[in-house]
Amino acid sequence: MASSDEIISQLFTRLEEQLRNNQRKKALKTADEVLQHSPNDADALRCKLVLLIWSNRFEEALELLRSSPQLEEQAGFEKAYALYRLNRYEEALQISQTIAPGRDVPHLQLQAQLHYRLGRHDAALKLYELLYHTHKVANVELQTNVLAAYVAGSRAGEIPQAMASMRIPPTDSFEIAFNRACGLLQQGDAAAAEEQLLLGQRLGREMLIEEEVPEEQIEAELAPLTTQLAYVAGCLERHSDAVSSLEELLQAGGDDDVTLAVAKNNLAADRMRVASTGPQQKRLLADSLKHLDSLMAKGEGAMLTAGLEGRLSQSQQETILANRSLLLLMLGRKDACRAALASFAKRYPTAASLPLVRAAQQAGEAKLEEADATLGLAAAQTADAEQQQHLQLMRAHLAATHAHPSQAAHILESLGPSSHGLSEQPAYVATQLALRQQEEQFQLALQTAQDALLRCQAHSGRPRRSQDGSKLARTYLLQQLAELHLQAGDASKALASYQELSKVDPEAAVASGMLGRLARSEVGQDPHTAAALEDQLPPMPAADVDIDALESAPLGMARRQRRLPGEKRVTEEGGEKTASKRKRKRKPRLPKGFDSANPGPPPDPERWLPKWQRSDFKRKRTTSRRREKEGLKGSQGAGKVDETLDRTGDTVVEADSKPMGGKAGPRQSASSAKRKGKGRK
């Protein structure tokens with residue numbers, strides 16, 4: 001019989017072969033067999049620990065470390081990694097920082113990733129730079145993590161410089177293209193971000209096809225890029241494209257819970273932006289609410305599931321909770337919306353979106369004063385200029401949509417000096433002009449349009465990304481100025497604005513239809529100018545109508561009459577043309593065996609008429625003999641009945657009847673007679 005040492009030696013030989021063949025499950029069973037013979041074998045314990053981590057059984061790995069203090073002291077890195085995978089970042093970082101050398105590449109990479117997960121992006125970037133410059137680590141994973149740290153740390157503007165210093169090629173992998181696109185989105189360049197994402201999608205597909213990955217797995221690997229492309233489509237106001245793309249992605253499913261969570265949230269946001277009403281829209285919103293409910297932990301208020309809680313950033317979790325509350329509000333579930341908001345406020349009391357959602361909920365319950373107070377208080381308490389701008393814009397939106405244009409215009413005007421470019425946005429200027437005109441404050445509207453035009457002209461000489469946008473803005477402002485001057489009765493300034501508009505965009509000037517109004521306004525003041533403007537009016541479209549004949553024709557004759565076949569009409573060249581019959585394209589269907597050479601007698605033209613309507617129909621004479629034989633036709637009982645059944649001539653005397661006296665007695669109802677009759681025997 002073999003000794004214990006020989007058995008352990010054979011098991012280790014088998015274990016080595018299984019590890020070489022990547023047979024992890026069998027190797028784990030073999031390691032357990034070794035530990036049955038030698039429970040404190042250090043090599044077997046370490047091998048089992050690594051196999052458990054490879055199998056994603058991190059809780060069992062931690063349990064094994066707790067059961068073996070000697071192994072726990074030696075395997076600090078494995079313990080930190082297991083805690084990291086269980087989203088216990090603080091514990092993992094503390095253990096990682098106490099590891100003996102602590103400065104080798106795996107430890108530094110783990111520490112950098114832990115700092116990134118904890119939101120300490122500057123510390124993560126320092127460790128990544130140390131890995132690159134000191135340890136000469138320049139793989140794709142490190143490059144991708146560096147760009148992700150710059151984006152997460154709101155330092156997207158430094159990405160080009162970092163890529164140049166670390167020599168990161170822009171077309172090296174689809175992960176790098178994805179992170180570059182995220183940086184461009186953070187800078188507000190959605191069009192360039194879309195180009196980067198399409199590039200990343202192409203690179204990823206080519207790489208995965210070369211590795212002979214199945215098509216279904218390729219789509220799953222590229223799901224983050226598909227989700228981000230849908231987000232970019234929403235940023236570019238292509239919400240329908242975004243919705244269809246996200247619906248296809250969710251229908252296909254996948255294994256990445258984070259990507260699916262982001263897709264569900266973005267689908268809900270795009271569906272809320274789509275301007276449609278009715279039961280179909282309500283059904284879609286209810287479907288999005290189910291998607292977001294699937295991300296929530298059961299009975300935990302505002303807690304997400306354990307798999308998402310540690311993998312989504314705080315801002316992403318806040319966005320999911322805010323959208324869920326808005327969906328409840330739009331579906332009319334006010335009590336559920338209040339409860340969701342209370343849980344949201346308890347979990348994230350300083351969330352930037354919380355006062356916005358709360359104000360929307362209060363406005364939905366017709367509590368406009370409370371909503372305005374909520375937004376005003378939040379704007380006064382925040383130190384973030386961008387957040388303050390969002391709050392004030394929502395105040396203006398609520399005021400404008402609830403018939404308070406003057407208040408909305410005042411709020412927008414207060415945002416002008418410190419709006420960080422908002423006053424130069426076309427939507428801001430157009431809203432200001434519409435509100436001022438609604439309040440008939442034409443002078444203020446004129447001043448707003450003139451200031452915006454001056455800013456637009458000041459920027460026209462600078463290099464702009466889109467010259468078409470500048471031209472459209474100037475065209476709109478000049479049209480508004482001409483319109484406002486006409487309303488104010490200042491025809492000369494209106495004419496000057498129109499002439500400037502003609503220089504910027506002649507087609508828009510003609511299409512505005514303002515030239516005729518300017519000519520009418522100048523008739524009483526300057527007839528020569530009015531005549532010159534009338535000469536500039538576009539000619540009337542030529543019509544082939546005889547005006548004299550039309551005026552002399554009576555009512556109803558001006559209609560176009562249909563020409564009969566053979567009728568002649570006069571052509572444009574002066575000749576005559578005969579209206580021909582329309583040729584029949586379909587061949588007539590003939591009966592089977594029909595000989596067209598000997599068709600026989602023509603069919604009866606009255607063959608489709610009822611017999612009684614045909615000309616050869618003869619009615620039958622109704623004689624007394626026939627009437628007696630057949631009886632009269634009509635309603636039931638109308639005919640003559642059998643005379644043997646007629647007993648009206650006979651005198652019927654019942655057994656219990658009494659002789660009738662000379663005077664008429666009281667009448668008896670039919671029901672009484674029936675009751676009396678039934679009582680007899």
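Using N, Cα and C of the backbone, Cβ positions are placed for all residues, glycine too.
Quick look at what TrEMBL annotates:
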type	residues	note
COMPBIAS	564-579	compositional bias 'Basic and acidic residues'
COMPBIAS	580-590	compositional bias 'Basic residues'
COMPBIAS	604-616	compositional bias 'Basic and acidic residues'
COMPBIAS	640-649	compositional bias 'Basic and acidic residues'
DOMAIN	571-618	domain 'Signal recognition particle SRP72 subunit RNA-binding'
REGION	553-681	region 'Disordered'
REPEAT	475-508	repeat 'TPR'
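Break the compositional bias 'Basic and acidic residues' (604-616) down by DSSP state and the numbers are 3 helix, 0 strand, 10 coil. Nonlocal intrachain contacts for the repeat 'TPR' (475-508), taken as residues 6+ away from its ends with a CB within less than 8 angstroms of a stretch CB, comprise 426, 429-430, 433, 437, 442-443, 445-446, 449-450, 452-453, 456, 514-515, 517-518, 521-522, 525, 529, 533.
Averaged across the domain 'Signal recognition particle SRP72 subunit RNA-binding' (571-618), pLDDT in this predicted model comes to 74. Assigned with DSSP, the residues of the repeat 'TPR' (475-508) fall into helix, strand and coil as follows: 30 helix, 0 strand, 4 coil.
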